[in-house]
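Read through the structure below, which is laid out as structure tokens, and then see the notes.
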Amino acid sequence: MAQTKLHSRSSVDRFSPINLKPVQDDAWSNIFKPPPNETVDEKRERIARQQEAQRISREIDEGILESKKLFDKKKKAIKVLLLGQAESGKSTMLRNFQLAFCPTYFHGEALIWKTIIQLNLIGSVKKLLSIVEDELETSGPRSRSPTGSTSSLSDHHRRTRMRLLPLLSMETNLVRQLLPEHYDPSRTPEICVRAGSGWKTVLEKVTLERRGPPTGQRRPMTNDGRSKDDPTVVLAASKDDIVSLWEDESVREVLKRRGVRLEDSPGFFLTDTARIATVDYEPTEADIVRARLRTFGVEEHRFLQDNGSEWYIYDVGGSRSMRPQWVPYFDDVQAIIFLAPLSFNQVLEEDRQVNRLEDSIYLWKEVCLNPLLARANIILFLNKMDILQKTLAAGIKVATYVPSYGATPNDVENVTKYFKEKFRAYHKRLSPRPRTFFCHETSAIDTKATQAVLAGVRDGILRHHLEELNVI
């Protein structure tokens, strides 16, 4: 008992006021400690500074809290990656998503896409004029073409080409406004924009200005109040020349002899010139989906479904230089839609030695074996089936480009089956864990059929997501 009392007494002594040392002011207290001989005005200013510091601190705390809420909410959202090589149809498929599930947003951008469609048409005219020019230069009145045949192009084609040249300078000016930094037409021959650059805002502003310049600015105008450098006006004035050049039998003969199929190019609208090159043209849904716009970087698109589910779809650049940027988006993704056009007779734009289909299969293998994507559903879209049908109908043999195809019938059904089995085999062999093989045959410009496919894909992705969350 004596020891217990001693211990108790010792505790009291240790915390007794007579044993406490004066508490020294810390640095933080000194900051807010009133200075000696502080005046009333100085005190008012000091208190105001303290209150402002507290307000900023509260805003920072609230911002951090809000960011955490958004992060937690996004973690629960469904994230889908659109993957595939350049020109595989990713952006076209994205616009199909928008049309199917966010139609109001889709139609709200019609004005922007009208200008893109007009630029696509001008781009096709540019390619056509380049071929005509080359043919006229290499096959003069007494010369022969590289194939040995006498050219059928004449001074009539030369004059038509000269009348259409103003379209090319207009394209250059518009594209320069979209890509103000380091624009070089020789390096970027098609329309290109950088993700996150606000290109839609820029394009909308440019389009509205060309419809009628701001008050106080003088610019040549047409009778209906449009700027004379508006592509709508120039295309309407050039419509007959464009139609006649594209439908000219001699020009078609040159294209066939050179093996050029402009109609297989993305963003091809030459056959629609009579409809598009008018002053009252308004793009249809199919026009907007077909429009071609190349993007650099990764674009994030948010969709809020009627059932309350939130989706994020990432459209990533497919060129070889962009592929290293894919990896950060592999984390926590629920599904990948992989687009693989069966373009067995085409090569990559950035490397003319690489076959497009071989490159798609290589990418597919890399995606299937990536451990970060082990839990993600990978959905294969054998895209651009319409072009495959035209290619086979033209008599082009698969075995010429893919020797292993052998003597299998050269029709759509057998070609599709052959390559589908190739993709299925790699999917089964390389996936880190067993997963279902999903494959759809699509033509992204066929909006009704594609939307039906996307509706099924959406439901499947949502079901898989709920299963992962143990909701079902």
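Here the Cβ of each residue, glycine as well, is placed from N, Cα and C on the backbone.
Keep in mind that this is a model prediction, so the values were computed, not measured.
The annotation region 'Disordered' is assigned in TrEMBL to 136-157 (among others).
The compositional bias 'Low complexity' annotation in TrEMBL covers 139-152.
TrEMBL lists 210-231 (among others) with the feature region 'Disordered'.
Annotation source TrEMBL lists GTP binding site at D264, S265, N383, K384, M385, D386, A444.
The Cβ of T295 (Mg(2+) binding site) lies under 8 Å from the Cβ of S91, C192, V193, R194, A195, D315, G317, each of which sits 6+ residues away along the same chain. Per TrEMBL, the feature Mg(2+) binding site maps to T295.
Fewest other C-beta atoms within 10 Å: among the binding-site residues M385, A444, that description fits M385. Take D264, S265, N383, K384, M385, D386, A444, the residues named in the record as contacts for GTP: the widest Cα to Cα gap among them comes to 14 Å.
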